[in-house]
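Feature annotation from TrEMBL assigns region 'Disordered' to 1-37. Per TrEMBL, transmembrane segment is recorded for 118-136, 156-180, 201-220, 226-246, 348-369, 389-406, 427-447, 467-489, 510-534, 554-577.
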Amino acid sequence: MKHEMEMELESNSSKVGNGKGKEEEEEEEKQEDSRRRKLGGIKTMPFILSNEICDKFAAAGFHVNMITYLTQQLNLPLVKASNTLTNFGGMGSFTPLIGALIADSYAGRYWTIIGGSLIYELGMISLTVSAVLPSLRPPPCPSQVNCKEASNSQLWILYMSLILTSIGSGGIKPCVVTFAADQFDMTKSAVGSRSWNFFNWYYFCMGMATLTALTVVVYIQDNVGWGWGLGIPTIGMALSIVAFIFGSSLYNKLKPEGSPLVRLAQVVVAAAKKRKEVMPLDPGMLYQNKELDAAISVNGRLLHSDQFKWFDKAAIVTNEDARDSKSPNLWRIATVHRIEELKCIFRMLPIWSVGILLVTASSHLHSFVVQQARSMDRHLSHSFEIPPASLSIFSILTLLIGLVLYERLFVPFARRFTGNPSGITCLQRMGVGFFINIIATIVSALVEVKRKQVAALHNLLDAPQAIIPISVFWLLPQYILHGIADVFMSVGHMEFLYDQSPETMRSTAAALNSLEVSMGNYIGTLVVSLVHKYTGKKNNWLPDRNLNRGKLDYYYWLVTGIQVINLVYYVICAWFYTYKPLEEVKEEDDDVPAEDEIQHKRLNYAEGNGEVELRRNVMV
């Protein structure tokens, strides 16, 4: 006879000293479920999305043209200005990891969003004030020759403003998209039954907000003044906070269930303590505890997988565990669900890391493209010029049109061949985006070669402020290609992180997206600084003032090489990736073993939640 053990927590309310009977508790649970079903849904979207739209409008209007503010208003050299934005962009992408851990562990997403929004608003107000008061910026320098840079005190005001916005974005970025998704049933069956994809339409709304900022706000900044140009996004951010709070009574606010990092640490420690134990032949005999995991598996428990088997040792039930008369010591024994949470993170990390080099490759592209556009003919008519930073509208327009075409044409077409309700998988979608990004960078290099050829033809290489007689619309193909790439890469990446992460760690997963941007930006700054330092003074690839005498096209070819290597790495990671095994919630649980197959041995549960019952399946 062979004995294999399985521990399962069962509630026995009649023995719990809280004065409530089982029927009363069941009635309360039904009422709570009924209340929760009335919350969330499509009716919450006007409030959440209006908050996110205003926030995106503010962020885009605040940052998209900031390279112009730093170089034209604060008179910073190009490389210093670009590195300043990239460094603070990296900080603003690192802080979401902290905000996500706070949201998932203690505060919840709702309060984290509110706190982050208020701090972000303070940063916007301080920078707007510095743009309005002449004493807080250096004298104007229209010629961009021998300009007086901003003083240290003036730069500290800028830095404090950027620090506040970076901290504020830490509470906003990882929580809004996941909080919005929390309002819907995001199980695989529910998503497959819908004719629309939440993430596609979320990015569509964000694209509309960004498009408005790129057209209206950037035009005001370049033609009216930076006071109004920064003041309007500041007002928009304030309105977003009001809109979000106004819909509070309608939201489905999931309660945080303790630090996910602690749970992951408990699995590692428990596996280390049992490293010498022998694994049971049947994985079904590993420790499972539905009631203990109920709060962290609302959308279904994670099933056992064969990867990273060493961690499975944390779920082996030893005699010491069976003799323990207290609650399960989670530093000594972990459930299969909690072990699979850790496995999910390990499986996601290689795919996540691919995005770091993608961000590195593109971290400075937009800054340099704005400078290219400033030197080109931007006239739409004799009296109207396109602001350089507004060229990004072509990427946004492509994204908006592409999302609609993807949802309505591509998905139904692909579904006929793949049978996948989403048309193609997230990994396939991301791979297409990676490839198109490489094509976009190659086009960027070729266009820069053409721009300098025209400048040389008209003897304008030594005239950095001159307008080269070449249309700015030569930059249009690369913007369109970046927009198409975003349709595949950006949306697919966020959907992958949300879908494949443990449900209680979705804010943290969204923060991994921001952390990826942070690391990529810092590496990008290092690459640009090294290129600027070691390419010489006479033939520098990235000169401080005169881009015409630089070799920006060489930098683009370097970026292309980085992206090609990154794509090869991604294909390898995607080929070996295994999707998380999930048991979705059912109305009835039919998998409980028959009583005659079970010998019961009870362990008292000391926390007052019922009893721990050790079930010993006897296999003859």
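Keep in mind that glycine also has a Cβ here, set from the backbone N, Cα and C atoms.
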The transmembrane segment (389-406) vs the transmembrane segment (156-180): 3 or more CB pairs under 8 Å
no
Quick one: do the transmembrane segment (226-246) and the transmembrane segment (118-136) reach 3+ CB pairs under 8 Å, ignoring pairs fewer than 6 apart in sequence?
yes
The transmembrane segment (427-447) and the transmembrane segment (467-489): do they have three or more Cβ pairs under 8 Å, with pairs 6 or more apart in sequence?
yes
The recorded stretch from 156-180, 201-220, 554-577 sharing the largest number of CB pairs under 8 A with the transmembrane segment (510-534) is 156-180
Interface present between the transmembrane segment (348-369) and the transmembrane segment (554-577) (three or more C-beta pairs under 8 A):
yes
Taking residues 6+ outside the transmembrane segment (427-447), which of them lie with a CB under 8 Å of any CB in it?
351, 354, 358, 361-362, 365, 369, 372, 474-475, 477-478, 481-482, 484-493, 495-496, 553, 556-557, 559-560, 563-564, 566-567, 570-571, 574, 577
